[in-house]
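These notes are about the structure you will find just below.
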Amino acid sequence: MEAGDLEPENPQENRMESIEEEEEARHDRPIEINTMKKPSWRNLMHNDSFLENVLSAVSGIKAADNALTNNAVTWISVVILILLFQIQRFGTDKIGYAFAPILTIWFTFIGFIGVYNFVKYEPSKIIKAVNPWYIVMYFARNKLNAWKSLGGVILCLTGSEALFADLGHFNVRAIRISSCTVVFPCIICAYFGQASYLLKNKQDVANAFYSSVPGKLYWPMFVIAVLAAVIASQSMISASFSIVQQSVALGCFPRVKIVHTSRKYAGQVYVPEINHLLMLACVGITLGFKSSLEIGNAYGIAVAFVLSITSSFLILVMIMIWKTNMILVIAYALIIGLSELLMLSASLYKFVDGGYIPLIFAIVLVTITCIWNYGHRKKYQYQLVNKISINAVTEIASNPTIHRVPGIALFYTELVHGISPMFTQYASQVKALHSILVFISIKSLHISKVPPDERFLFQRVESEGIPIFRSVVRYGYKDERKEWESFEATLVDQLRKFIVANPRLMRFYDSDGKEGTMIDEERTQTELRLVDNALRHGDVTYLMGEVEMTASKSSSPWKKMVIDYGYNWLSRCVRQPDEFFMLPRKRLLKVGMTCEV
């Protein structure tokens, strides 16, 4: 009887092969494709975050006390902003319960005050203004000035958008009900009331909101307005954290620390680095502008870009995913798309009056994203080209000069197909291998969540004398990364289940010369015993590459600048992979490697 290793058919291996093909195809695409996974929209959202501030709300104090200077209003706003950013580390789980009552009171106030002013002043003229013909007459009468005024008209949209920037945490039904029954009616009533008030009080146009509030309701309205502005800023900050978390998971943004602030809601996260940068930017712009007018110009451009880009993406979704009738797509593009582009062009007219701020920040963030993505792809391609074969792994594992130590070694690698060159460097330097080797690849999928039973995929690596496995651990961009203790226990448990479900087979020949297979019970039990001993005694070691990128001598000056300075500088500034994956430092070994690209 002749015996030899034979692998059983395994559905996980079919999925592993599909992942390998997808991974190679994804990294073979041009560099520009991955850099367009929402970078512009994400960066303009960051601009919204620090441009949305409480300065406009606090400036209402001046309407009651003319002796108060602009500097005093500015510093009051700065103090509120600093406090707002400092409480982010505690999360919104506890204080979030107060948001709904405050916003309900806010919308009720502005709705009833709007109705009051609408009835008291010029209701008939305001009702006539709903007629679209007046828009045509307005443009015919004012021509270029009418187009310029659209840069201010768009600010009517920004306030409501800011209050609901974090809509991703709610379901569609809740959004529809709240928007249709509360938000939209109250906002329309508020604008109707202010317009009616201004027809009789044109001198108050500079401070229309607070001037239109009846005297007895002024201070209650001021308090609610400040609280609503804080909540609006909070929603922008929370939305920025969520977007950064998803961008990091997709590999579009440098690694940063992500803290989950709620045990109940997975979407509530806190990103310290982003929080500090937003605080500095928000405070800096507030102190620099000291006026809600210039901040409004900047904010208007940011929102106009967000609306235009969102509509562009929606048109692509309508065509490619929803398969919408082309007549409806064209109608949407002509009616909504052109309207947004028209307002965007008017907003750009205020570029020199503060509108350049969001574009500067967007350019900086896009540059960081592109450099990180470019360097990350080059590093992956280097490892893919220099990967070692299975035969080389078997040769190293069977080398008598390589000592065996008990336990499990978890090699972290980005490669799904093939073995990272880090393995040969480790074996040649350390001259020792663990009883069981597992090559782990952490992959983020373009879906929100991966079911727990589909997170771990295993595959045997054919070798003689030492059990070697490959594991792909898959996360969605909204999945929470576990602490290393729970991750380690789950991984080893899934490995044990894989060994039981997919035992080693050996080939044999019967007396008639016919080939057959049978389970190699001895080797299967040996593997299970090694896994159990490693888990029982904590003999699990983590190995990770410490990769330094360098551009080849023949590279262009542009490539040398991007790789040698840009990418390497970002790699040193951001969180290291072992910190990002929350690996135990006492059981971590790093293998140095230089990649020349």
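Every residue gets a Cβ built from N, Cα and C, even glycine.
Just so you know, TrEMBL annotations are computer predictions that nobody has curated.
Here is what TrEMBL records for this protein:
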type	residues	note
COMPBIAS	1-10	compositional bias 'Acidic residues'
COMPBIAS	12-29	compositional bias 'Basic and acidic residues'
DOMAIN	54-394	domain 'K+ potassium transporter integral membrane'
DOMAIN	406-596	domain 'K+ potassium transporter C-terminal'
REGION	1-29	region 'Disordered'
TRANSMEM	67-85	transmembrane segment
TRANSMEM	97-119	transmembrane segment
TRANSMEM	177-197	transmembrane segment
TRANSMEM	217-244	transmembrane segment
TRANSMEM	265-287	transmembrane segment
TRANSMEM	299-322	transmembrane segment
TRANSMEM	329-349	transmembrane segment
TRANSMEM	355-374	transmembrane segment
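The stretches the transmembrane segment (355-374) and the transmembrane segment (299-322) meet in space: the count of Cβ pairs below 8 angstroms, excluding pairs fewer than 6 apart in sequence, reaches at least three. Stretch with the largest number of CB pairs closer than 8 A to the transmembrane segment (97-119), among 67-85, 217-244, 265-287, 299-322, 329-349: 217-244. When averaged over the domain 'K+ potassium transporter C-terminal' (406-596), pLDDT in the model lands at 80. Between the transmembrane segment (67-85) and the listed ranges 177-197, 217-244, 265-287, 299-322, the one holding the most Cβ pairs under 8 Å is 265-287.
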